[in-house]
Structure formats: C-alpha cells, structure tokens
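Scroll down for the structure; my scribbles are underneath it.
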C-alpha cells in the first residue's frame, strides 16, 4: 500500500509576531486555538503563501469581507510581514519518503503600493535532523539571531553534501516540482489552474457553500476529457485540413490551368526577353567584332585609297605638268605649222620676187652692157684725155729736167751739183733729212727692197691692166653678179669674193644636192628620236609603275619573267576562280546545311529536353532508341509490381484503419451492437467497467475474462430473459454477467495465475487456460497503446501507400511521357547534335569566309599583279622593239648634226636656188673681175702711181745709188759754181707743151659730151638698179623674215609640222583624257575617301557605341546572370530553341505573353506592380525579378503537404500526379475521419454515464457525512433537457439533418451548432460563432447540470443552498464537497504522476467555532477515512479530542509584540504531552 505524502511542519520566519516559529503539523487535524488577533489567520496565510505564491491570487481578508470584491490595499499580506527578509516554508515527506522543503522568501517593497516581493524555492535531500529554522537563521548570541538572505541560504545549502537548492523564476515551475514530488494533487499548468486551486483553498478556509462553488463544481469535479475533446479537435482539424487540402486541391485543379498559363506566359515573357537579350548580346558582340573588322578594313581601304590618291595626285600633277608642256609643244607645233605655212607663203613671195629680180637682172644686164659700152667709150675718151694730160705732164717734166753740161768742169760742177742735188733729192725723195753720203749705202738696201716690191706691184698692175683691157666689157656683168650674190662690195673685192662665191657655190650645190637625203635622214632620225623619247617615257612610266629602275639590258629578261608571271598568274587566277567557285559552292552547301540544321535544331532540342526530363525522372542515361524501348518494358514491369505492392499496402492500411476504428469505439466495444444491447438491457459493458485498468494489468484481465471480455454486466439476469427472445441483431456469442456495475469485481471466477497465463475454473468440470495476449486490448490504456502503435503503423503504411501511389502515378506519367516521347521525338532524339554540327559548320564557315577573304585578297593581289604584269608586258612590248633606240645615246646628237647639216644644206639649197643662175653666169666670166673696168683709170692711176712709186722707189734707190755712186762727187764742190744753164731746150719743150695742152682740151670736151650720154645711160641703169635693189631689198626682207621665221619651207615641212601637231594634239588629248580620268578617279577617290572617312567615323562611333553598349550590357547581363543563377531559374529561362528565333519573333512572343500576363495578374497587386516595373526595356533584370516573383507566388500557392518541391514547374508536373491520388485518398480519409452523429451522441452519452458513475462512486464516500440536521450529502448530475434533445436527435433522427453534416462548407462543430440552433430557436446565442458553440457542445460537461443535495431532517433530499442551511451545516457541506474535489483531482492526475506517489491532502478551516462538536468530530472522521490533513482555526473554548492543538497568545514585551505558542497533542484524560519546542521563549530579531 502506497503511503500518502504528509506535510510535516510549517515554518514562519520574521512574520508579524513570529520571528522563527515552526508548527509541526498533525497527520490528521492541526488546530490553531487562540483569541482574536492571536495569529491564527497569519499562520494559515503563511501556509497558503508557501503553497500558492501568486500575488495576483493571494487576498487575505477577514470573514467580514467575505463578500467584498476588494480587501485592504495590500490584500492582507504586506501587513503580516516584518521589515527585512521573511520566509514561509513547508516541510513535507512524500510517498517515496523523500523530505522536501518548499517555501518562499518574502520581503516588503518600500513604497505607497505596499508591495511584497516573493521568491519561491525548494530544498531536496535535507537530512531529517536539520530543522528549517536552522537553515534560514544564524545565531549571533544566546538571545539574538539573524535571518539569512536567500543568496546566503543558497550558499549554505550548496555547502551541504547531498542537498539540492532550487530557486524558481516562475510559479509554474514551482508547482510542477510540487506536483511531481506529490505535494499538490493537481498539475497547475496555467494561471487558471492556480486560480481554481486557490479558490478551493479559499473556499475551505472560509467555509460554507455558495452558488459560485456549485456552478464551478463542473470545472472541479468533471475532468475535461481532453482526449475526447482533443480527438474531436484533431478530427475536426484533420477534417478541416482535409477539406482545406481538398479545397486547395480543387483550387489547385482549377488554378492548374492558371498556373500553367501563368508560368507558361511568364516563361515565354521572360525567356523570350532573356534569350532576345542573349541573342542581342551575341549579335552585339558579333556586330562589335564586325564593326572592328570593318573598321580595320576601312582603315586599310582608307590607307590604300590615300596611297592611291597620293599616286594619282602625283600622276595628275605629272600629267598637269606634262599637259602644260604638251600644250606648249602643241602650241609651238601649231605655231610652227603656222610659221611653216607662213614660210611657205613667204617662200612663194620670195619665188615671185626672185622671178621679178631675174627679169630685172636681165634688163639690168642689158642696160649694163649699154652702159659698159658707153663707159668704154668714156674710158677711151678718158684715156685720150689722160694721155693728153700725161703728155702735158711729160713735157712739163722733160722741160724741167732737161740740162746738160758739156765739159769736165762743168761735168764735175754738174756732178757736184748733181751729187748735192742728188743728196737733196735723195733727202727729199727719201724723206731723210738726216741723210748723208755716208748713210746712203745703208738706206740704199732698204729702198732697193722697196723698189723691188714696187716693181712687183707695178708688174701686177700691169698684168691687171692688160687683163682689164681684154675683159673690160664683161667686168660690170661679173661685178653685178657678184654684187647680186654677195651684196654691195668694193669693186676691188669682187674678184676675191667671186672666187669665194664660186667655191662656195660648188659647195652649196653639193650641199643642196644633199637636202632631200638629209631631210629624209632627218625625218627618219627625228622619228627615231621621237620613238626614243616615247620609249624613254614608256620606260620611265614602266619603271615608275614597277617602282623600280631597270637597265635596258634587264628588260628582255624582265619581259620573259613577266611573261612567265603572267602565265603563272593566269593559271593561278584560273585555278583561283575554280577554287573560289569550289569555296563558294562549299560555303553555299554549308549555309544550306546550317539552315537545315537550324530548322532541325529546335525539334532536336525539344526532343533532348524531353529526353533529359525522362532521364532526370528515371535516373537513366539513354544512348539509343533501343534503350528507350527496353526501359519502357522495364517501366511497365515496375508499374505492375508497384501496383501490386500498393494494393497490398492499401489492404493492410484499410485493415489497420478498421482495427483503429474498432478500438476507438467508446467503452472498448468492438461491435456497435453491444452498445445498443447494453443500453437496451440497462447494463454496462464489461470493457467499460474495466476501462481504467492500467496497461500492466490489461494482459491479466484480458486473459482472465477471455472471450467474455466483451460481456454485458447487468444488475439482474432474470430481467434480460425477455429481451433475448427473438434477438437477432447481436454477435454470435453474447456474454451476460450479473453484477452491480458500480461495485463490480472479478470474484465471479476462480482463477489460478500462472507464468504469463491464467487458468480460469468456470465450473468443476470446465477450465479455461488463457495466456496473456502479446497485444492486450482490454482497458482504455491498452487500447490507446494499441491504437498508438496502430497509428504509427498506419502512418508508415500511409506514407508507404502514398509513396507507392505516387510512384505508380509517377510511373504511369513516366510511361505516358515515354509514349509521347516515342511518338514525337524518338525519330530525332538520338541523332547527332545539330548545334555541335552547327558550331563546327560555323567554324568551317568562318574558316571558309576567312579563306575566301584571303583568297579574294590573294586573288585581288594576283589580279593586280596580273594586270601589272600585263601592263608591264604591254609596256615592254612597246619598249622592247625600241631597245636599240634606247641604247642609241648618240641619236639626239646625230639628229642635231643632221639638222645642222640639213640647215646648211637648206641654206645651200636656198643659196643655190637664189644665186645658182648668177653663179652659173659668173663662173665663165669670173676672171674679168680681176680688173675692174670702172677702176681702169684708177688702175692706170694705180699703175701710174705704181710706176711712180716704182719710179720714186727707183728714183729713191737711184738717188741713193746716185748718192752712193756720187760719194766721190761730193768732193767737187768747187766745180758747182761754175755751172750755168742753157735755156734753148726749154723753149722747144714749151712749144710741145702748148700743143699737148690744146690736145688735152679737145679730149676733155669730148669726154664731157660722152659723159653726159653716159649719165643718161647711168640714170636708166640707176632706175633699173633702184627697182632691182627695191625688189632685192624686199626679197632680202622676205628672206630675213623667212630666216626670222626659222623654219624650213620645203615641200614636206608643212606635212611634217601638221603630223607633229597632230601627234602632239593626240598626246595632249590622251594626256587630257588621262588627266580627266585621273581627275575623275581622283574625285571618285576623294569621294571614296570622304565616304570612307565618314564611314570610318560612323564605324568608329558605331563601334565605340556598340562596345560601350556591349560593356554596359555586360554589366547588366552579369547582374541578370547573377540573379538568374542565385534564384536557380537559368534552366527555365535559357531555352536554347528560342535562340533560333529572330528578335522580332521573340519580341512579339514577349509582347503577346505580356498581354496575357496583364490579364493573368490583374487581381494580384504585387505581381501587377512587379510586371509593370518589368516592362522597362532598359532594366532587363526586372523581368527576372518578375519571374522570380511569379515563382515565389506560385511557391506560396503550392501546399508543401501536397507538392514537395519548390519549383513551380516541377510542382505543376507533380500536381497532376498528386491531385487525383490526393483527391481520392483525402476523400476516403474524410469518410474515415468524419465521425457519424450517432457515434458522437454515443461518445458523449458514454462519457456522461462514466462521469455519472464516477460521481456516484464519489457520493458513496459522502453517505456517512452528517452535519447538524444534515444526514447525508450528495452530488446530483443531470443532463440538460435541451442537450438531451440534441443527443436524441443525433442518435435517432440524424438522417433528417444530413444537410448539415454532409456539407463540405461546415465543420462538424459548426454543423452541431447549427443543429442546436435549429432545435432550440428560442435560445439566444449572442455573439458567439457556430464554431465556438459547436466546440462547447462537443464538451460533455456542458451537457450536465451538477447540484449539491443534502438529506436534511424530515425534508429529505434538498438542494444545498446557504439560505436553507445553518452556518455549520454549510461549512460541513462545503468541506465535504471540497474533499470530493480533491479526491477527483487525484483520480484525474493519477496517470500524469508517478504510480508510486500518493499526493498530500490538506484543507483549511478558519473560524471553526461555527461548527458544533459533532460536526468537528465528523470532520475528524472524514480526515481519517480520506487520509487528509486539516488545519483548523478555532476559538479558545474548542478542545478537540484528537490531533494537535496549538494555543496562540499574542503578548507585548518591552514594546515588542510576539505570539506565545503552546502545542498540545490529543486532548484526553491523560496528561498532555508537551510537543518539542513548545516552551520556546519569545525571541526577537537582532
């Protein structure tokens, strides 16, 4: 037998009147006796404070305040304490014989509110020898002690071995420890529980019975039946969750298309934009690279154009310079042609004038002949006149010189005179004044030489005179010819000039004969020179074009090299054309192949996506279509196996559900018919009687009753007989046992207990051996244990069934997916990767484009080289035939030489043409020019002068000779005086002189007459000469003009000049044409350069913009990619098949999806705002944010208990798998969970019956309690009429109200409330909701009305009311009810506490003087029977016979108030025994 825990003592430390007082508590009744103010209430207040340290509940008021709602300001606690640390401790010993000290530390808090600080604590393991006062006080001396604060107490206890000190921060923890150690009867989990406990203590403290206590008895006595309520709540929660899940499934099913539409459109909207940006980024990169390539190409082209422009500008400058020269040359040639034409006209004039001159020449010659004859006659006349003159002069000379001396003296005198005269004459003749006879010899030699010279000259003149005399008539003609040829000249120069002219004429005729050959030679040479110059120009141009200077010797080798190069380049160009055609053809084939692959790529990608999904779903890798078909066969086999296993698990789960349902029946009845039969027979099921049997005893009782464990216990079997007749609705074996259901025991059988078995002796000749079942089902604990294990098994089976169902659905879906894959994609799924091939082909295409570009460049270079080589060969073909000309360095000199010779020859020809006739005429008569007839007189005079000079020289020589010879005569000076003259000879000479003078006069007259005629002839000659001279001057002027013109006016000159002009005009035209071509090409080149410059600027701008855009887009794209990867949506957005769509298609796709999304998210403000923000084309990351928001929204919409994934797409894929299975499963679960209204009514009724039976059992303990006229006390439990009607309708007429219970919109509680309102329309439900009302209706306590009844005197059983009972009767009745409550709490909490603990029982009773002695004795008896402790506060005149009594007397000693305590145990005739410590002297705090 388990001993009940007891309170051993109460210790008060530093309370008002109690410094350190320990009250030992009696095992039954402890009485505090004393007068008013003795400290009885303070003591019980200290006990209650230690028991319930909750300041919100503690309210110690006097009994006069019993009905007050508020007491003193401090609720009676602050005034019961003294300043400083105070303690209230309870020393207990529990059923395990463990000593536990619990208490509180109290301390007043200064302030107007008069608050008290409370700290609960507990001490375990304290030795029995240690008193509580020793723990919390410290003795200072014999009369002084100090109260230890809590921290010192803690340190003190921690120093004691085996002692545990616990300080609590919450009252719940404090009460939890007290409940676990068996100090209090009920676990006080909340403030409500503490309030109930305090109200119980308070009711016992102040005693009496009230309507408040009566109303709250249901809360105190009737257990909450949390299991049933929780079952209902769990059922409703499960049903609610089930219905919510079904509703969510239905919403999900209805939203599935919306989900699909939303995720599809969101994916299309974002993925299209994502792939468009990806494509655009790739396009932009390609464009940037293309721009860069074009930029480099354009720069190269611009540089080439600039070089070309420079070359063309240089060539244009050369052509401009050459054009100026050619224009000058052409102008010069034109001028030359004009000059030639002018010269030809001049030549014609010259020829006309020459003809006129020839005619005038003839006339002039005739006139000259006439004049010559006249001149001859005139000369004859002059000769005669001159002869006459000479004769006169001779005579005069002779007259002067004639003297002779006849004798020697005279001779010597004459010789001397002659010598002197000779000397004087020699001096005079020789003009030598200093001449002497001695120097004469020397001068003689000199004058002899002069004489010799004069003689030779005289002889020459003499010859001339002789010739002149013979050709006197032809001289004028020859002279005129010489003058006509040579021009005016001295007549004496005519002979020399004529001879020179004749020699020159011969040369000129010879030269003139060479004009035509020279002209032909010059024309040939000039042609060769022009060809040489053209060849040099071609060579220079060729060298310039070749960029290298070549020697003439290298040209032939270069020609051969160029011919070979042309042949090779021609072959290369031909091969290049073929190669280019092959490359083009391959490129077109590649392009066609790429196009076909690009068309096939989306289909292949779709097939690959499907294949990858299948691979991910099944975890297999498929390399061929055969693998797919083989796996499909395996999948079918796996599906069959999974279906078989699922059906097996489902069958087992159904069996478990049925067993759980059977075991969950109220009262342990496994057959519903037994409940009906028990109710019909007025009995109770045996399983219901043993419903509270423990789990350990369940196997024994199960084996004890065996098959009759489902028997019905009836009070009288005889009354059941009539009900058995015609009974068909019952089990095959129905056991009936006679007995009192309220006091049934197992004494009906004779039992022998064996090891894990029993032998039941049913009769003398019938025994039954029953082993203890391994899984007992007898009793609620066993059933609950079994149900718990079945629930665990059911959870495993449900999970396995769900897993298998999901696997089956997944396998079926996978089978369908494989079937769709085989039907749609199997043909292309295992083909080669078109994208890889596209990449290879693109790489090959790039190589081909590069090869084509290189080939084009090489071909262009080869073409340029070919053209250059052809031009070089063409130029060389024009140059090579002229190599000899290029090698002829002397050609120009020869041309100049020939031109000079031609000029000379032409001059000679013109001379011969002009003077040929004159020279022909002059040649026969040139000799006549040796003496000029007009100078005959002069010649004669010259001759005479020559003679004279000869004579003078001779005379001088003679005179000198004479002087030299007469050197001896100078000695005859004496003889000179003797000289005398003779005048006779002079006279004769004078006469002859006169005759000669007369003759001279006549000759002169004849001369004058003939001179006049000669003058006339000369005048005619002068007129002819004047005309001739005029013509001659004009001819000379024309010839000078012709010479000034400087051209050769021959017959081919005009043609050559015209040819030369035409050649120059052709060259000028060619030059101008080339210049125009160059100007046009230069303009085109400049335009091309401008275009290239603009293009280059545009390309640079586009390139830098594109580069900046690429860099900017790269940052944005990195943010987008980071966001995509962080949120794990790359697989959803990077749809490779979209890469093959154009930007317009993707934009159209995104716009269409945007329109659909606007409608789809119109009702969702968040998504609508995010979608609106995502429409910004400059912020692509916002579309990703929208996509993530859609995913998040869908994740939130997806129930994780339905779909176990965070990916909405996978959720949608799993949704279709799960929805049908979940719908079916949840529907069946709802049917299983949904308890019937009849079952609810039976549960509530059975619970009510059980509690009524329990109350009846509690009432048995109160049958012998009496107070005054109260003979007995009992609790009467009745079902309320309205609720009874509800139960009847639920059990009998539930089919009429199935509209409420079958509604999916109403929970069971709400349906129950609606039914209650329907049955009781007169009841006002107030503001309570149907759910709240339904939950109250599911609590059986609300069905019951509990009343306290007393059997009082002759009135019989009456309702216990304070007005009908005396104070003592009311106190006794209330105490009885409180004892019942405590016992009920213990029974209720028995399963929550250890089985080896029986809690302490203690109640209070203040002012017990209101009870008489009999009532007090009854309380003593009740306490003894119920093992309950009671603390009573009684006045001094109460002296109980049993228990312990403390007499308290409050005294004042030296202004200090204290309570004097004396304890007595057992007030009987024997001497009172003084309790230990009763004589303790009053003490004061130090």
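Think of each number as a place in line: the chain as shown, counted from 1.
The backbone N, Cα and C atoms fix where each Cβ goes, and this holds for glycine too.
The annotation ATP binding site is assigned in Swiss-Prot to 34, 35, 36, 37, 38, 39, 40, 41 on the grounds of sequence analysis. Per Swiss-Prot, coiled coil is recorded for 326-418, 444-480, 509-603, 835-923, 977-1115, 1209-1266, and the stated evidence type is sequence analysis. Residues or ranges marked as region 'Flexible hinge' in Swiss-Prot: 666-783.
Other than the site residues 34, 35, 36, 37, 38, 39, 40, 41, same-chain residues with C-beta atoms no more than 8 angstroms from the centre of those residues' C-beta atoms, the ATP site, are 32, 42, 1433, 1448, 1450. Neighbour counts were taken as the number of other C-beta atoms within 10 angstroms of each residue's C-beta; across the binding-site residues 37, 39, the minimum falls on 37.
Classification of residue 34 (ATP binding site) by DSSP places it within a strand.
Figure note: comparing Cβ neighbours within 10 Å for the binding-site residues 36, 41, the maximum is reached by 41. Following the DSSP three-state reduction, the secondary structure of residue 39 (ATP binding site) is coil. A mean pLDDT of 75 is what the model gives for the coiled coil (326-418).
Helix, strand and coil counts under DSSP for the region 'Flexible hinge' (666-783) come to 44 helix, 26 strand, 48 coil.
The Cβ of residue 35 (ATP binding site) has 12 other Cβ atoms within 10 Å, all protein chains considered. Residue density at residue 34 (ATP binding site): 23 other Cβ atoms are found within 10 A of its Cβ, drawing on all protein chains shown.
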